[in-house]
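Participant: Just dropping this structure here.
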Amino acid sequence: MLRCVLLLVAVIATAVLAAKHEDPEVEMTTPQIIEHWGYPAEIYTVTTEDGYVLELHRIPYGKNDAKPIKPRPVVFMQHGLECSSSNWITNLPDESAGFIFADAGFDVWLGNMRGNTYSSKHINLSPKQDKFWEFTWDEMAKYDLESMIDKALNVSGQKDLYYIGHSQGTITMFSKLSIDQAFSSKIKKFFALAPVGSVKHAKGLFKFLADDFGLEFDGWFDLFGAGQFLPNGWIMKIVADSVCAGLNVKEELCDNVLFLIAGPESHQMNDTRTPVYLSHTPAGTSSLNVMHWLQMVKKGTVSMYDYGTRENKKKYGQANPPEYDFTKIQNQIYLYWGDSDWLADPQDISAYLLPRIQHTLAGDVELKDYNHLDFIWGLRAAADIYYPIVNLIKKDLS
């Protein structure tokens with residue numbers, strides 16, 4: 001009997017080790033994954049004006065390139081909601097934006113917004129304190145973007161860069177460009193993947209939660225807490241079952257909050273990479289930030305966070321939160337959006353975003369059968385999005 005038990009343990013142990021060997025990136029950080037594929041990786045930190053310590057990851061040149069003598073054009077990539085720098089390098093090298101742009105001759109920088117896996121430090125606060133988590137994407141737009149981009153420009157010796165944003169990485173840039181003309185001079189071109197303006201027509205998780213709570217979202221913090229948004233508890237399990245009911249979605253994907261936001265399965269993803277995707281996302285944000293997104297679903301506008309009339313008067317000097325005016329943006333923008341995206345819904349792009357940025361729109365590409373995550377993990381993204389952007393930038397530089 002003992003011999004059988006030992007044999008069984010040995011078989012299980014071997015299987016576990018084999019599984020780990022098949023997907024070593026499951027346990028790796030973003031810089032470790034970059035180096036795993038033979039690319040150079042560098043880590044930098046920067047402290048925002050309000051004290052958050054953000055970590056940036058850099059791929060200064062391609063896998064087969066010698067260390068460059070002259071500075072290379074900078075391409076800055078910014079992740080979306082509940083994500084991190086890992087989004088740009090978790091597919092195979094010929095499918096991942098970070099690697100493709102490095103091999104194409106660019107100095108690639110990967111940002112990490114406050115509150116995620118890599119940017120969970122503050123000069124005075126601890127993530128164990130609720131006060132650490134008192135932020136939304138307003139603060140990311142106001143403080144994080146400029147701090148990270150200034151760091152990339154200072155280190156690289158450049159005066160401006162090309163920006164690629166996904167999801168929340170687009171709405172933060174739209175908003176920053178609309179309120180800060182001095183900052184705008186640092187962005188040569190803005191490539192917006194799954195671009196977000198209004199989310200009035202959002203489906204999936206955000207629609208479910210927005211409908212389930214009243215306009216004031218009474219009880220939100222009682223259920224989800226006032227600190228970090230923790231999407232893996234029993235409450236989210238109930239929500240996941242409700243959102244996924246009747247949908248043909250893999251169980252392991254339905255259990256992940258990010259896939260409940262994205263849209264229907266498009267069969268674009270590499271199934272063998274699923275453990276890698278799920279080990280790095282969700283990467284963390286605040287409950288207040290998720291609340292901000294739900295407010296946007298309810299209101300159909302792109303406004304600063306609504307604290308209620310009394311607090312709004314204290315913070316903004318008016319009863320209602322100010323709206324971001326995208327018509328003030330002057331930078332060239334290229335949009336890449338999908339017809340199956342639950343968060344960056346085509347109706348919102350057509351009715352809200354396009355009319356406000358039409359004066360500065362340089363490109364507008366609608367992609368068939370793309371959900372919200374296909375822009376970073378879809379197997380067609382390299383051919384449909386990344387290489388065309390590489391060509392646009394090279395043409396701009398020539």
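Just so it is clear, glycine is given a Cβ too, placed from its N, Cα and C backbone atoms.
Quick paste of what TrEMBL says about this protein:
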SIGNAL    1-18  signal peptide
DOMAIN    30-92  domain 'Partial AB-hydrolase lipase'
ACT_SITE  SER167  active site, nucleophile
ACT_SITE  ASP341  active site, charge relay system
ACT_SITE  HIS372  active site, charge relay system
Participant: In the domain 'Partial AB-hydrolase lipase' (30-92), how many residues does DSSP assign to helix, to strand and to coil?
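Facilitator: Across the domain 'Partial AB-hydrolase lipase' (30-92), the residues distribute as 11 helix, 19 strand, 33 coil.
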Participant: Give me the non-local Cβ neighbours of ASP341 (active site, charge relay system): same chain, 6+ apart in sequence, Cβ-Cβ under 8 Å, ordered along the sequence.
Facilitator: ALA194, ALA262, GLY263, TYR370, ASN371, HIS372
Participant: Mind giving me a neighbour count for HIS372 (active site, charge relay system)? Other Cβ atoms within 10 Å of its Cβ, every protein chain shown.
Facilitator: 28
Participant: Looking only at the domain 'Partial AB-hydrolase lipase' (30-92), what is the model's average confidence as pLDDT?
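Facilitator: Averaged over the domain 'Partial AB-hydrolase lipase' (30-92), the predicted model reaches a pLDDT of 96.
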